[in-house]
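The structure appears right after this line, and notes come after that.
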Amino acid sequence: MRILGIDPGLARVGYGVIDTSGGQQRMLDCGIIRTEPGYSEGDRMVVIASDLRQLIRAWRPELAAVEKFFFYRSSTTISVVQARGVVMMTLARFKVPVVEFPPMQIKLALAGFGHAEKDEVLEAVMRELNLTDPPRPDDAADALAVALTGWFQR
């Protein structure tokens, strides 16, 4: 199964693509969709949707795993939630099934406890994907963690 993991954001959307065929997980791709701070929020959303469409066309994921947020308090958080909405809409347009996970569930699935530190989750991602170097940037590593959680929780 090919899984696209997504760590939503307005400035940077982390993505990670894994393949789970053959009984092992392996990383196919990871990176970020970057938007320019000088652009309007609307233009930034267009960039996210356009780049995500390209990723979906290139990798043809059978499942998308998206980090889910629960608290919306600041204007920055609202922008992230709006970007997440663009991600969800784009996935729906391509008929990619979606599973969502809050950060604590991702940490629990990878590190064994919901309050794990970022480096503990990164270590688990590297172990599960048999990586010698940590995926960079952090948003891409987070997206791989989300993708792995999608696989473990299926």
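Any Cβ shown, glycine's included, is placed from N, Cα and C.
Features reported for this protein in Swiss-Prot:
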ACT_SITE  Asp7  active site
ACT_SITE  Glu67  active site
ACT_SITE  Asp139  active site
BINDING   Asp7, Asp139  Mg(2+) 1 binding site
BINDING   Glu67  Mg(2+) 2 binding site
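Distribution of Swiss-Prot features across the structure.
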residue	record	DSSP class
Asp7	active site	strand
Glu67	active site	strand
Asp139	active site	helix
Between Glu67 (active site) and Asp7 (active site), what C-alpha distance do you get in Å? 6
Those active-site residues listed as Asp7, Glu67, Asp139, and which of them has the most Cβ atoms within 10 Å of its own Cβ: Asp7
Given Asp139 (active site) and Asp7 (active site), what distance in Å do their CA atoms have, once rounded to a whole number? 6
